[in-house]
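The feature domain 'HECT' is assigned by TrEMBL to 1-142. Taken from TrEMBL, the feature active site, glycyl thioester intermediate covers Cys134.
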Amino acid sequence: RKEFVDLYVNYVFNESIRKPFEVFMRGFLRGCPARKWKMFLPVELQTVLEGYTKIDWHLLEKNVTYRQYGMLDQTIRNFWTVFHKLPEEKKKMFLAFLSGSDRIPACGLERFKFSIVDPQVENPDELYPSANTCNRILFLPR
């Protein structure tokens, strides 16, 4: 039985996908030659491709710039108070909402900056927070 299971698992995860994977790998290596990837250790390559998964949320807060807001405005203080009480999963969801990814790029958190902007609308209670993911701007109504 063990031999059957081993052979079946090998077929499902290796043999059955060998040809499609080889085609994918040829195309991938055409755009990203393997010799370029050899300069990275596996952990470094993973970071380059995936970004950082562990985030210092207080450092993220320090990297924010404010427009039409000050750091001590009540709206900003309330935002950060609520944000820091969120579970890790919700914080990552916020990061995805803000930047399009729940990870910090390989350049590091020190270079990851975003802005919080007051959209300055007549009735801010009728506006939800929104984001410009390309420029990492959070539009946060008062």
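For all residues, glycine too, the Cβ spot is worked out from N, Cα and C.
Counting every protein chain shown, the number of other Cβ atoms lying within 10 Å of the Cβ of Cys134 (active site, glycyl thioester intermediate) is 8. Taken together, the residues of the domain 'HECT' (1-142) have an average pLDDT of 88.
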